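Trainee: The following block contains the structure, expressed as structure tokens.
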Ligand SMILES: Cc1cc2nc3c(=O)[nH]c(=O)nc-3n(C[C@H](O)[C@H](O)[C@H](O)COP(=O)(O)O)c2cc1C
């Protein structure tokens, strides 16, 4: 199973970095697979620590892939010298046990060193899931035909219209802007 998480890392100099990343669940931890080039990859290779944060604030996922400035608070993790999301529902502090290099997508096998729950999970929501899917589409805009993106966005819009709250609507707006900008760049 792959859990969609916000992975927080830091550079050797201590600069925090946050990125949405699929965390494949394995016995005792996760496999993280950043595509090259990636700041997360550089940080994982240099420090061999990360935090896998679980959040249902889809604005964090969307803002990272659309490159929009959105203020996300981080604080030091409990046991490892790494940032974590201050408002995560829960987080896992991980250490890299081994890495498998690859020209496109290396694998980092991570062991969970410490897990912490912070706040209640309020339940599933279709608009959150739709924004997450749309954020994945945005991260692949350069690889996908415009027609496919338009079809998928039209389908995802149904769940957003029916079930979104203000946070999801805000994130959905960013995603729509990113798709429109990409289309006009491609056209010119
Ligand atoms: C839900 C979701 C899951 C993602 N999973 C991955 C992933 O597993 N690997 C990856 O390289 N990028 C993934 N991305 C895209 C990255 O977050 C994005 O490309 C980011 O810029 C990674 O580069 P960075 O490490 O330099 O920030 C995902 C995006 C979303 C919205």
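Glycine residues also receive a Cβ, built from the backbone N, Cα and C atoms like all the rest.
Values in this document were obtained by computation on a predicted structure and should not be read as measured data.
What TrEMBL lists as domain 'DUF447' is 4-116, 125-176.
What's the neighbourhood like for these features in this structure?
Mentor: Taking DSSP states H, G and I as helix and E and B as strand, the domain 'DUF447' (4-116) has 18 helix, 55 strand, 40 coil.
Across the domain 'DUF447' (125-176), DSSP assigns 43 helix, 0 strand, 9 coil.
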